[in-house]
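Taking it in order: structure first as structure tokens, then the write-up.
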Amino acid sequence: MALFEQTETTTKVTLDDTEACCCTIETAQTIDGHTEYVVRVQRGPYPENSWRILRRYNDFASLNKCLQISGIDLSFPGKKLIGNMRPDFIAERLNALQEYINQVLMNPILASSLPTKKFIDPDSYSTPFHDLALQYASMSLRTDGVYTLGQSLGPIGWRLRKHYFKVVHKPQGNKHSPGHSTTKHHLIKSSSQSHGKQHTTQVCVTTSTEKDYNSSTRDHSGRDDLILSWTEFGPDRYIDEKEIHTVLKNFGGVQHPYIVPIEHIASNDSGALVIRKFYKQGSLKDVLCSASPCNPFLSKYGSPKGRTPLPLKDLALYARQILEAIRFLHSKGMACGHVHCGNVIVVDGIAKLMDVENFIFGVPSFYRPFFVQHSKINTCEAIDVYGFGHLLYEMCMGYPLQDSYARQISDCPDSLKSLLESILSKDACKSSLPTLDQLTTHPFFGEYAGHFNDLYATTIAVQKPHLKFSTSAKEQLKLAVQKTENRVRDEQRSVKNQKRLVRVQEMMTSEEEKKKIKQKAKQAKLRAQNSLQLNNGPPTTGSAGITATVHLSSSTGGIVKSDSANSITSPQEALMSPPPHATDSGGSTSPQPPPSAPPIPGPLSSVPLFAADSDPTQAPGSSATGKQLAKSISGDEPTTGNRSALLQSICNFNKSGLKKVVSPAEAGGK
């Protein structure tokens, strides 16, 4: 019975390699005499999809060595042999490595490279992708009997799960002919992804292969050289396994003047291969960057030596041709989803779109990290229009747009600026993009490619476009379009919710920070007031820098005077303020001094307390005595000799000058 039991089939989960990842170095730890950094990696917007890895400085150095082929200037900290275990140096090194990994992940070319992926996610990217592609491609062509697999071209593309090989026509006649054995000798394993190599050697490509393939575009039989691309199925493949062979067979017969024809297409359970003609000039991106098509992707586009924008007439003509190719695919119920300069070939002044079968394979789009940030770009047509806008921008400027929308567009005619803003401006991405039909009627094409309609009518009369799907294939394509759009909307919704959550957290954090700042400000103000009160206390013997504050009677309407900057206050404020020495600078209470003796009844001005304050020429009852009293106590004059002056005034006090005060009770008794 066990032989006939149905086993549960496990569904293979394919990662979206375009999903953005971020790294945070949380801490550093010392293990066996060396420092290891704990790095937390998060894929996508949700913190739940995160993991931790341990990395040493040598691991960062190996990654930096791999990425140097790109020519991009990265701020990588140098190595230090002495004093590298000090806590202050480890903290400084942690910050420097954090800045370095941020620069790597913010660059789309570096972030999509295999060394970076293996550094941040070794569990998912330790699979020998290239060896599996070589195996599948060999098995697929073994029973074909027409083509023979040649040398690997190495990592010339940006996709980690797409690999390129040279293909030649199999010679006719005896299978064991010398020519066949010689061709079979070229079935070698690329050193870019062997099991025993570390990720420091994963960007290598055989120079002899590049030179051999660039030296000639024709084989010994006089036929054009061919290139084979093996692609694994992606997360957006929604066509049934039983129907995908039929869909690919129908699509293999596509004919259009602006679409690169397919020589051969086949698939298995893991992926599919496509054979096309090899163009020695490379893609449109190679033309703009003046790069060789067989060079590694990092060295071609990381920091190209030259950027060459296209003339306006060529730009308008190529853009109009690509637009017609996209419209043709949509008219057949199929989307493209992969419009960019790397998928455009220019041959004899004609731009042709290639790799349009990627939609059937379900691989993620090159601009997916960009359009998932805008919820209005949620249909296959809008995605193709958005990619078309990036294509226009790169052809116009010579370099790609590194953001999801263009903040400012300049250095181009007004008509082209209007066209770019209708697709790539922030308002356009937030509202809605134009349709494919609306783009064809834009004034820019009428100004710089006004003769295109006549040219296109003549071209399709010679080469009639053709793409016919069976009824079941049409249903599969329609279902795939719906599921693809649903996945895009779900991902956009997730990104939007995460942005809203981050915004709320920032607002809460800002409110808490505001409260903390206010609380700190109040505490600082109280400490300043307490310190001011302490500094304005009664003077001590030998402390000339400390002065006193005198509170005159509120009934006389006096003022409070001190030597501080805020020296004058109203009597009401003086009464409401806490008395001196009520609290110290730390807020703790201090013992109160004993109350002073009550003043002697009578006018204050009639009592000359200090002989030094009195003028011999003035009478004892003069009003200047009170002013001099306040001036002396407030510290405006030196207090040297106050004790002797006080003793002298007591000795010279005239008792006969006092007047007797009669109370009301005594007056009534009399």
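Placed from the backbone N, Cα and C atoms, the Cβ positions cover glycine too.
Owing to the predicted nature of the structure, the values given are computational and were not obtained by experimental measurement.
Listed features, source TrEMBL:
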type	residues	note
COMPBIAS	189-208	compositional bias 'Polar residues'
COMPBIAS	209-220	compositional bias 'Basic and acidic residues'
COMPBIAS	516-525	compositional bias 'Basic residues'
COMPBIAS	530-572	compositional bias 'Polar residues'
COMPBIAS	591-602	compositional bias 'Pro residues'
COMPBIAS	615-626	compositional bias 'Polar residues'
DOMAIN	15-127	domain 'PX'
DOMAIN	147-445	domain 'Protein kinase'
DOMAIN	642-661	domain 'WH2'
REGION	171-220	region 'Disordered'
REGION	507-643	region 'Disordered'
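The DSSP breakdown of the compositional bias 'Basic residues' (516-525), given as helix, strand and coil counts, is 10 helix, 0 strand, 0 coil.
The domain 'PX' (15-127) scores a mean pLDDT of 92 in the predicted structure. Taken through DSSP, the domain 'PX' (15-127) splits into 45 helix, 28 strand, 40 coil.
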